[in-house]
Each structure stands twice: as structure tokens, then as C-alpha cells.
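Per Swiss-Prot, the features are as follows:
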COMPBIAS  1-12  compositional bias 'Polar residues'
REGION    1-49  region 'Disordered'
COMPBIAS  13-27  compositional bias 'Gly residues'
COMPBIAS  29-49  compositional bias 'Basic and acidic residues'
DOMAIN    48-111  domain 'S5 DRBM'
Amino acid sequence: MGRPRTSQTRGQGPSGATGGNPRGGGSTTRERDARGARPGERDGGSEIQDRVVQIRRVAKVKKGGRRLNFSALVVVGDGQGRVGVGLGKANTVPAAIAKGQEKARHAMFDVPMRNTTIPHEVVGEYESSRVLLKPASEGTGVIAGGGVRAVLELAGIKDVLTKALGSTTPVNLVRATEDGLRQLRTKAQIEQIRGVKVRL
């Protein structure tokens, strides 16, 4: 009898992080849910999931010649109102993803919600990109694409309308979405700031 063979998922590094397509796009391999999110660590009883939005290959010209590095844009969230975005850079794809995950976890913040949607309309901005986020009725779903969808879904938002304005660079759109979510306030918070009753 021969020795049993063990297999390793292609693109997976020794740390368990998976490699992506160096030309960009979504993440690849390892156990994921139906929408491509990957189970991760637990934070206060909630499971943190992550999604690799983009992997880019960057060439630096030095005295010894060209040196290749990779950058990975990663979104993490618990699906219950907390989300974070991180950009990791390293000389290998798995290392870049791991750094992106770590930065995203440290950058997690709370997202105010009203049932399954956001409490009010908001426009997030980052450099030349803007993302309009509008509340939607239950059952609408997340009307968004690419990185914008990843941020909203991992935050736990199930019904929302979005529109991308300006630059459609993945990094800019993700950061603009993050900015929009950071601007959200609950009804109680708005009333406290304004000192008057409001209707949302």
C-alpha cells in the first residue's frame, strides 16, 4: 500500500490564507458561503467573515531590476452591524491578504441600521468616487455590485439601493462606501445632535 497523499488548495499559503487572481477581481478557494464570504475568527460571539475584493500586482523598478509586490483589498464583517476595510501589501498574495485581513479587523466600526436597511440616505466620498446609499423596503435586496456589495453584505445590510458616481476604481468605491456607512446615524443620535424630534 502506498502512503496516503495530502492535498493543498491551490493558492493557499501555509497560514491558511488563500491566494487570489493576481490580475484582480474576487477572491478564490477555501470554504465560503453562497456569496463568496469566508468564515473567519469569532469576535464577541459573532463570526467574522472576510471577502477579498481585489488583488493587484505592482511592479517596482529598483537598482537590481523589477520587483513584484501584491496589494489585496479585503473587507471583513460579522453580518450583524460591524464591518471593516483593509489594504494589505506584500511580496506574495497570501501575505498581502493576511495583512489586509489584519488591517480590516482593526478598522472595524459599528453601522447603524433600521431593521434590514440603513436609517437614511447618505453619499459617501473618497477621492474622485462617490457612492449614493438609499434605504429600501424589506425584500429589495442589496442592489449594488463588486466591492460596494461586499461592504454592505458583510455589515449585515440586507436591503439597500446604491449608485456609483464618478470613478469606479474598486478601492475608491469600497472606501466611499465605508465613508457613507460611517456617516449614518440612528434616529436617536440625530435628535440628540439637533435637539429636536425628527422623522426618518
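Just so it is clear, glycine is given a Cβ too, placed from its N, Cα and C backbone atoms.
For the domain 'S5 DRBM' (48-111), the model's pLDDT averages out at 94. Residue counts for the domain 'S5 DRBM' (48-111) under DSSP (helix as H, G, I; strand as E, B; rest coil) come to 14 helix, 39 strand, 11 coil.
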